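Enquirer: Questions regarding the structure given below will be posed in turn.
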Amino acid sequence: MRYYVLDRGDQLSAELAEQFHQLAAQRHFVIDAVSPEIVISIGGDGTMLHAFHTFVNHIPNIAFVGVHTGHLGFYSDWKSDELAQLIELMSHDFISAENTARIVKYPLLELTIHKKSGTTTHVALNEFTLKGVYGTLVAQIDINQASFEMFRGDGICVSTPSGSTAYNKSLGGAMVHPSIEAIQIAEIASINNRVYRTMGAPLLLPKHHECNIYPNQDQRLLITIDHIVLPVDDLISVSCKVSEQKISFARYRPYPFWDRVKSAFLR
Ligand code: NAP
């Protein structure tokens, strides 16, 4: 098995990464930083975001596994004292090809960013946000090429189902089960009064629907893609839709999404 480990960089995560390498060597797993079959993220959900973006160009060929060094997370199933058990299950899969791992696939968000300086395409695991730097973001929002609203406010957040429990939740967005192929648009502090009006509620767009955001020109803006922050001052538009790609997680034991939600937010 070809694998790679990314850790959060704190002492516990680094020690666990070392421990993982030792256990993996005993099972004849091979470290592969270029085209691993399995990527192990050791840290938190934020570490999984880094792991995802490190291998973003190889997503169809990789299955991710998360080990949490704090509390169990949305992208991490394994606790720090369970490494030996995880390796045992991975090894069993590898030797017997019995596929004890269930591959669970989560939808991603595809973004096309058009700037005066060029066009780029990105994928997000959690979300994309567009915010004003010095003041109100003013942007025309179209859905499926039809004018929907003129937005004024701090910004706009477009999230994936698995990202719906992150920034989107803080904005009052709905938590969406990752089996639903959709993206969610949530407002960040929109201005609503007698003059300006936005929908004022989160919108869920299904696959094959598209949202296009056209900011007024000459605004200094900030784009975030998960943990990545990109200042822009020549943005023309951003198109958002459900990506054709999905992220794969290797699940060696069940941990249902609603159990994660309950354990993260209720107890
Ligand atoms: P961070 O500011 O260091 O941490 C953000 C927090 O969000 C961490 O507690 C992280 O969990 C958690 N998180 C990440 N993905 C999640 C998910 N899918 N569901 C539930 N919680 C999640 O930033 P970071 O670690 O680089 O992560 C970037 C993310 O922060 C962004 O994608 C955005 O979703 C989130 N964020 C949230 C807000 C907000 O809620 N107001 C504002 C900005 C950014 P771990 O502790 O397990 O890593």
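Backbone N, Cα and C atoms are what each Cβ position is placed from, and that goes for glycine too.
Remember, TrEMBL labels are computer predictions, not curated facts.
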Enquirer: For the NAD(+) site that TrEMBL describes with D45, G46, H50, N126, E127, R152, D154, T165, A166, Y167, N168, K169, S170, which of these is also annotated: A24, A25, A101, A189?
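Expert: Matched candidate out of A24, A25, A101, A189, per TrEMBL for NAD(+) with D45, G46, H50, N126, E127, R152, D154, T165, A166, Y167, N168, K169, S170: A189.
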Enquirer: Filter the candidate list D45, H50, D154, A166, N168, S170 of recorded positions, keeping only entries whose CB is under 6 Å from an atom of ligand 1.
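Expert: Going through D45, H50, D154, A166, N168, S170 in sequence order, those close to ligand 1 turn out to be D45, A166, S170.
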Enquirer: Could you round the CA separation between E127 (NAD(+) binding site) and D45 (active site, proton acceptor) to a whole angstrom and send it over?
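Expert: So the alpha carbons of E127 (NAD(+) binding site) and D45 (active site, proton acceptor) sit roughly 13 Å from each other.
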Enquirer: Hey, which of the binding-site residues N168, S170 is the loneliest by Cβ count within 10 Å?
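Expert: If we count Cβ atoms within 10 Å for the binding-site residues N168, S170, the smallest count is at S170.
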Enquirer: What span in Å does the NAD(+) site cover, taken as the longest CA to CA distance among D45, G46, H50, N126, E127, R152, D154, T165, A166, Y167, N168, K169, S170, A189?
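Expert: Overall maximum Cα spacing for these binding residues reaches 31 Å.
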